[in-house]
């Protein structure tokens, strides 16, 4: 009797499940004539709230390319997600799952979307000949493409970020010569990420004669009274805030409590989103931040996406208020670089899906000038970017935006980093890496 | 008297004790054959890199912690800390000692971890249970802090990460997925073999006596403090090697953040779910903890990919995974290995009850 009942229930449940499953529309399958675009996402875990708008931006842009422009020169994009939870292990799992493409559609470029995964995949991707794009994170020394052929820390490394920060401060102070004797403090998250700007700032302090003060904040940084008491005692002219996650709003609030003017704090890339300042409320008014992908929905591309994707109800965005947020825009910029790299590669290899090696050729010949940026609708949102074998970073500029309590307002044009000054540091690091790993540097002059 | 004694049956007379000659373990041999020969031949990069290597390394780490927690009864939440010591020490040895072969560097890293483990095991002479757990927690945070704070440990890399130096053994490169898999497998098989014999030896019996009741163990003459420290040292040796393999054979890179408190908890969960005080339990537990989420992910992608919101799907997998852990622990608090054992006993007599 009971057995019968259980059996019956199970059978009903199975039938229901099967019925439900067959009623669902089946996802489109990839084909060898399409370009596979793997999406290593993090929708769960500690950083999910920043990730979700990024994927929305990426997917909306890919959808726009597919549906409005008919793909990249006719080659349609197909994408699939894989959850990394921002960890190295899951990041490796996703990469290994995706590296051979999807049902014949090859991978041209891979975005690990997370520092731990980016570091773990460095060697593996080089062995598999798949280029990694790490925008705003990853190995700084990978700028030297002769030692890191498949690593692209495109647009803005942490070294350039530090230099752009100093150049902006100089602009505000009235020239680089005015930096002498100024006190510039860096309040940083005490981690690999936070310490990354120490070397460039040391070099720039020697060059320009400002006092370089480094104040660490231990992870997670939800109590910073002692750090800001120290700031108040030292009275620096400017504070470079290199925190992330919860430590950013706490820093802004604590600074306000100790009476340090918020409009003299400049946040870095990872302290420059809406989510970073909103919790600080009124106290965040006037806060400055550097960013390679400014917030705002008034760029040309936003109007196109709004018309064709958002208003058609095809957007991946859950919360329409996030349209044009810093993270959403970072998704757009990330996707655009990959799409443009494939387009550049197609010029040499023909209008077909590209593999990793061809994708790298495309990246190394990527040249997005203002005219091209205007064409694709990214003028103002994205800086001119020219990559080469010798230079995997390109750009090296950031805009400064200011929070007015409701939204970010851009207060500068692109502030360029002094990349020539920093390049010897990068070359020394990459040479050291080459020696440690026994990497034979390629000859960029010959390859070009 | 003797005349009235009933004669026992002949077989009892001949053999008062049934001695079973141990047969060559056919199943084990087959398993090793599959692991060493079939898998490297058949497995692709995905299987080796993303599934087998992490599974083996986590099993080894579980084994290390199980020697301390499951066999000696000293709870530790500092497992990942000792893994970090092993990884950074191996890296340091390979980098700074010219010409040191990889196996020696691994052993060296393990020994350094063992020494540190013994150091942090000293308080176990005076404190027990939750209080001891707090000292291991301190070890975890202290070690993590040291490897983040002092750039010497990571050779002044700008990002604080160490990356695998050339993996070579007698001139052969082990950098390919198959090479790294075989390196990991050899280490795991060797160390598991040692562990199996260790827990059967005098040392292992002393550990278990301490676990069951340390006062009684002291009364029968076991030097309790020494054996506790030994357990910390051996456990940390295993964890150290696991850490080095995690960093170099699996991730290819590591920073202090790769060995944070969450990794410690992960290893603790492996032994709790797999089975405390069991060698096979570590493998079962590691398989569950590391492979189940991947399986769920594939299943979710296959069933619903593209139809259901990706974020919801991910969260659903988390919920399912958590539920499975709860169900298994309610069903069998002694771990999955016990569940497997019960199943085997049942199958032996199936379909009868006895």
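Each Cβ is built from the backbone N, Cα and C atoms, and glycine gets one as well.
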B:178-199, B:200-221, B:310-331 - the range that TrEMBL marks as transmembrane segment: B:178-199
Best-contacting stretch, by C-beta pairs under 8 Å, relative to the transmembrane segment (B:75-94) and drawn from B:24-42, B:100-122, B:178-199, B:230-253, B:265-289: B:230-253
Stretch contact, the transmembrane segment (B:230-253) with the transmembrane segment (B:48-68), Cβ-Cβ under 8 Å, 3+ pairs: yes
Which of B:48-68, B:100-122, B:129-148, B:265-289 contacts the transmembrane segment (B:178-199) most, counting Cβ pairs under 8 Å: B:48-68
Range from B:48-68, B:100-122, B:129-148 with the greatest count of C-beta pairs under 8 A to the transmembrane segment (B:265-289): B:48-68
